[in-house]
Amino acid sequence: MTNFRDGAAPAQLGHSLRRRHVEMIAIGGIIGAGLFVGSSSAIAMVGPAVIVSYAVAGLIVLFVMRMLTEMAMAVPGVQAFPEFARLGLGHWAGFMSGWLYWYFWVVVVAIEAIAGANIIHAWLPMFAVWQIGVALMAVLTAVNLLSTRSYGEFEFWLSSIKVAAILAFILIALGYVTGLTNPGAPTFANLVARGGFAPHGWPAVLAGVTSVIFALTGAEIATIAAAESTESSGMIARMTSTVALRILIFYVLSIGLIVATVPWTAIVPGISPFTTALATIGIPGGAWIMSAIVLVAVLSCLNSGLYVTSRVLFALAANGDAPQALVRVGRRKVPTRAILIASIFSYGALAASILSPTLVFTFLVNASGAIMLVIYLLIAASQLRLRARLERETPERLSIRMWFHPWGSLAAIAAMAAVLATMALTPDLSAQFYASLAPILMIGLALSLVRRGRKARGVDAATSPARRSASRS
């Protein structure tokens, strides 16, 4: 019979994050440059029906967050969400999901550093892009090293600015499209003009899901931050689903208002559609305002990326899947070594973006394209396995349940598999799909080597140092 022990974060980690911090960390993980700038490519590719693409992608992510909520309530105190894959599917799944998630965010940190550096370079051209990128990473690494509370406070205010900006845009655009502030008639006709609601056909809407779903990932960061929160794990678990729902509403509303304000043919890939919409409405300085907001979004994602990479590396070490030296923390109760190692690897990716932008860095970016969906698939499969075992052995732990079980979980798995298949078959996205196989195969090879090493030493591959210590106590 399976013994479901409550997970427990190592005692030496601090617990200084409050509910407001964790809530904004989850929101900040989703609202990034992918919404403010990346949505332009999706609108140009799909047309007004991109609203449906965002809604479908958001529902997939919402279902995954609900699965995480169920597992977090049933097995409270888990240090990082990849641990659920370990509990549900075994050591291999925890190893794979943990290292894949770490790799994904290492690349994201470098991408965000370059994006922020380019914005600041436009304002301060006397500084080179690489100099600004290095400076941004150094400052935010220092914030993370200072204390968990400093990270949380910094992220709280950055995320608050992003939320305020989206709400302000929704109100301004809503007044315009309804005719309240528009001297002309309401502009809802833009939704069906110039080729109709789905000018490229409904297959393009499905293809659009593949390009927007990655901008919606990130709410799972809250389950990692929960290990250092003063709030109960139950409170954090419930929050994860509600935050994902609010973000879904934010995304769908803002994108819907953009395509109602501006003809979709006027959206230029690479240029913020929010800027285009504000210019259409007649807001002075709209381009500068959006550049500042995008910079805030970039800094927020960069800040969270450094936090996540260090905590996941810390959790991997606690489970014996990374060097044990990384489990140690400094006097400020932060995993100093894990933060520095994560920062060093992100600096390496940043250097690749400067020295070999068209070869090495492009490969790193493409190779992270499908990673989050693979991780979410592992989480969904884990939920199905854990749910069956919990119902059989300790059903009282299921205080929050996945919707429409098991069909809701199976539908999410089928939808994610369809997105991956579409990526593989879409010319513009196939490079990302096949490049993503490289880190998956490399981490799989590393897992094989770790298993052989443990077998040679007579160590159970499924038993982490932390669990061996817990079993002795």
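Keep in mind that glycine also has a Cβ here, set from the backbone N, Cα and C atoms.
What TrEMBL records for this protein:
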- 21-449: domain 'Amino acid permease/ SLC12A' (DOMAIN)
- 21-37: transmembrane segment (TRANSMEM)
- 43-64: transmembrane segment (TRANSMEM)
- 100-121: transmembrane segment (TRANSMEM)
- 127-147: transmembrane segment (TRANSMEM)
- 159-181: transmembrane segment (TRANSMEM)
- 201-227: transmembrane segment (TRANSMEM)
- 248-267: transmembrane segment (TRANSMEM)
- 287-308: transmembrane segment (TRANSMEM)
- 338-355: transmembrane segment (TRANSMEM)
- 361-381: transmembrane segment (TRANSMEM)
- 402-425: transmembrane segment (TRANSMEM)
- 431-450: transmembrane segment (TRANSMEM)
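Below 8 angstroms of C-beta separation, residues 24-25, 27-28, 31, 187-188, 250, 253-254, 257-258, 260-261, 274, 277-278, 280-281, 283, 293, 296-297, 300 of the same chain, each at least six residues beyond the ends of the transmembrane segment (159-181), sit close to that stretch. Proximity of distant same-chain residues to the transmembrane segment (201-227), defined by a Cβ-Cβ separation under 8 Å and at least 6 residues beyond the stretch ends, is recorded for 9, 13, 17, 21-23, 25-30, 32, 34-35, 38-39, 41-42, 45-47, 49-50, 52-54, 56-58, 60-61, 64-65, 68, 72, 77-81, 152, 233, 236-237, 239-240, 243-244, 247-248, 251, 301, 304, 307-308, 311-312, 369, 372-373, 376, 418-419, 422-423, 426, 429. Using a cut-off of 8 Å between Cβ atoms, the transmembrane segment (248-267) and the transmembrane segment (43-64) share at least three residue pairs, counting only pairs 6 or more apart in sequence. By the Cβ criterion (distance under 8 Å, sequence gap of 6 or more), the transmembrane segment (100-121) is counted as touching the transmembrane segment (431-450), at least 3 such pairs being found. Confidence over the domain 'Amino acid permease/ SLC12A' (21-449), given as mean pLDDT on the 0 to 100 scale, stands at 86.
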